[in-house]
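Annotation comment: Swiss-Prot describes HIS83, HIS85, HIS170, ASP189 as Zn(2+) 1 binding site, evidence class similarity to another entry. Under the heading Zn(2+) 2 binding site, Swiss-Prot lists ASP87, HIS88, ASP189, HIS231. Feature annotation from Swiss-Prot assigns S-palmitoyl cysteine to CYS254; the stated evidence is experimental evidence. Annotation source Swiss-Prot lists N-acetylserine at SER2.
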Amino acid sequence: MSALEWYAHKSLGDGIFWIQERFYESGNRANIWLVRGSEQDVVIDTGLGLRSLPEYLYSSGLLQDREAKEDAARRPLLAVATHVHFDHSGGLYQFDRVAVHHAEAEALARGDNFETVTWLSDSEVVRTPSPGWRARQFRVQAVQPTLILQDGDVINLGDRQLTVMHMPGHSRGSICLHDKDRKILFSGDVVYDGSLIDWLPYSRISDYVGTCERLIELVDRGLVEKVLPGHFNTFGAERLFRLASNYISKAGICHKVSTFAMRSLASLALRVTNSRTSP
């Protein structure tokens with residue numbers, strides 16, 4: 001199957017494109033975002049990487065400008081992982097320039113498939129990317145990041161800037177990217193319109209509460225109008241406030257006890273199915 005068949009996209013305007021893997025039918029299917037800039041383009045998360053995402057970006061014309069095709073072809077392209085979980089980081093190995101938060105840089109460099117929580121089944125991939133492919137073959141490949149991110153760093157695209165916000169809780173290196181001028185938040189799995197997951201091996205409820213407090217502050221200060229999440233559909237500031245507030249209100253003793261049990265089971269299952277490093 002070609003890359004052009006595997007992926008699909010739609011434009012949200014203002015140089016932002018929403019890309020998805022068509023034949024990965026799962027709640028884990030991650031949103032891939034392409035953000036065009038005057039001096040640099042950024043891909044936010046890369047999906048599973050079962051087909052070449054860079055090939056799709058070029059073949060579909062997403063990295064070309066009608067007025068200046070040659071300049072666009074030479075424009076730097078940076079792949080940023082909002083975190084290293086498999087559904088977001090699987091395609092990072094296809095890019096020359098890769099950025100990740102420092103808390104998860106070592107796991108990515110090792111190809112640590114326990115920390116990437118690799119969990120994929122044949123039934124979720126409804127059309128195999130190549131003959132004989134099986135989900136048990138899938139691993140997140142080790143990638144040496146070329147850019148280590150910290151809270152407050154700014155990724156300069158020329159005519160727009162993306163500010164890194166370290167937002168742990170879902171994972172220890174989770175980040176959001178904030179386009180302050182346009183009041184857009186690329187949230188990864190920090191927040192999306194669904195049940196927030198805090199029971200994975202490196203999740204931490206206390207961190208998540210602090211992260212949700214930061215999200216509420218963004219809304220209160222009028223700094224976010226639109227959220228482009230790691231899963232499901234986009235939403236606005238009012239929904240962001242409600243999602244963050246609901247998490248904080250539910251993060252009591254009972255939630256912590258049940259989450260501890262779920263984390264223990266998830267960790268056991270992941271250790272059985274994944275080696276610490278990719279082959």
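Each residue, glycine too, has its Cβ placed from N, Cα and C.
Because the structure is a prediction, the values reported are computed rather than measured.
Everything Swiss-Prot records as a feature, shown here on the structure.
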residue: SER2; record: N-acetylserine; DSSP class: coil
residue: HIS83; record: Zn(2+) 1 binding site; DSSP class: coil
residue: HIS88; record: Zn(2+) 2 binding site; DSSP class: helix
residue: HIS170; record: Zn(2+) 1 binding site; DSSP class: coil
residue: ASP189; record: Zn(2+) 1 binding site; DSSP class: coil
residue: HIS231; record: Zn(2+) 2 binding site; DSSP class: coil
residue: CYS254; record: S-palmitoyl cysteine; DSSP class: helix
Rounded Cα-Cα span from HIS170 (Zn(2+) 1 binding site) to HIS231 (Zn(2+) 2 binding site), Å: 13
Alpha-carbon spacing, the residue listed as 'S-palmitoyl cysteine' to ASP87 (Zn(2+) 2 binding site), which is rounded to whole Å: 29
ASP87, HIS88, ASP189, HIS231 excluded, remaining Cβ within 8 Å of their centroid (Zn(2+) 2): ASN28, ALA30, ASN31, ASP45, THR82, HIS83, HIS85, GLY188, GLY230
Distant-in-sequence Cβ neighbours of ASP189 (Zn(2+) 1 binding site), under 8 Å, six or more positions away: THR82, HIS83, HIS85, HIS88, HIS170, SER171, SER174, ILE197, PRO229, GLY230, HIS231
